[in-house]
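Accompanying notes for the structure given below.
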């Protein structure tokens, strides 16, 4: 034992292969006979390289004490090892017991370098076995919770660390949500989804209305199940559609195991996403491969002046992570991540954390890269930014990214709703920005001038033709180098000066009444009004950015749609178009009673970035990031010429 005052130790074990640390166990405090019960999978290049284990005693704020070491020779696989000190070979330092299994390396070997001590945030990185697609349809005969005999119900879903919250349907006992979302399935045997129903109350704690549970092990895969779930501890029935599907192409591998470097594999992937297979598996838009090479100049997060960095790669709700490189500010990971692309307008987020023993990880930096801005096969250095992506932090990360997708599937996917995040942030109260009013005023003035000229000769096909001409004109300005969008410079301080503190209304004391309840009710009204104004402003900015060619893919897609609309209106009588639209609209529920309503135009605009998103994520920058810190002191906001 090495802790003199307590007569015990705080042991942990380091594992090394070829002189490189590959794993560190958790610390067992105050124990001379520790039991770790941890599992780790390691990729071993040669059986001739022994696995070297060193046991240390953890001392807070001091250098950890050496307690002994041993070699595991993989050719013999002894599972009970005597610990030795090379300087005192005759001393008895105890023994170490292991259970080791060797598996032949295959081409699709997946490393699950995962420690059980990591927090829930870290555990999200493990590879999932399938996808659980859930459609929240409706509820019947719910319990009235308000004085008016009605309720304002919403639903919370939880599956492990994954969460989802539905929208609130006001003043009803038979709500219809028609929402769809996906969870990752980590357990091959299934799992449980906990569902709770709540009544939204302004200014006080929401009322519990009932709960139910879905046992996924009872459901067959690759088919849709309609579930009518009676609510426990409440009244009514909840209707869900649940579909279990096999895992998508998600993997982690070493840099040497690169799918796209194999010519045969690359040819198969290109064929899978070729134009000839545009209508085969519409949801499979493409794939992205991310090589996380290394980072340099990271922030020192530990008292020793070092960090224990690991990297988390996220695409929509897909999340994977690298191993941890201990005590290093210039780590090398050399990992390859492969994701399925469900929406080509998604943003790839790469975040670097510092692992802390028995605590949650510390944030070191983050980059966000729109998939449409990626140049295939080019290794770039990206400057790390803050969590909100509004300012730089210390360090850069080197990435190499390849995106392969089907352009037809990507265009069709643009017309359906965006996949929601599992955990959404609560709305914040902030002052409304009215910059879009200038655009609206200028657009209306231009429209009135054109109206005077064409009113007597107006035909319906001229409307999409006019929008098409506006897109073409802006494209001509950009191509000729006369683009004036980079007009104003806005600092981060200007963007954040109106930001106010967020707070969680779920933790409010339900017994607060009277004047405070009225204040909370007024605040909810203010939030609702502010959200409505935000949405109007956002759509105004998105329309402007569509015609400004902020995202060329979407502008080209708008050109194709406007050309088709112009030809359709010119050659087909308007009454036939209205008749076809009406028949489709009113028979949709008859053809598919559980279809989820959506507006294709709004779904398209939701992919176009607003001005705030353009500030945080460089959508229109198609070159490598400048890693000089001085280049990040100000953010360029893209404004229109009008």
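Just so you know, glycine gets a Cβ as well, placed from its N, Cα and C.
Because TrEMBL annotations are produced automatically, they should be read as predictions rather than curated entries.
Your range for transmembrane segment, going by TrEMBL and the list 384-402, 403-421, 460-478, is 460-478. From the options 434-453, 494-513, 514-533, 594-613, the stretch TrEMBL describes as transmembrane segment is 434-453. Panel annotation: around the transmembrane segment (553-581), residues 344-345, 372, 410-411, 414, 459-461, 463-465, 467-468, 471-472, 475, 546-547, 604, 607-608 of the same chain, lying at least six beyond its termini, place a Cβ under 8 Å from a Cβ of the stretch. Counted with DSSP, the domain 'C2' (271-384) comes out as 8 helix, 56 strand, 50 coil.
Secondary structure counts, DSSP: the domain 'C2' (112-231) has 7 helix, 56 strand, 57 coil. For the domain 'C2' (112-231), the model's pLDDT averages out at 79.
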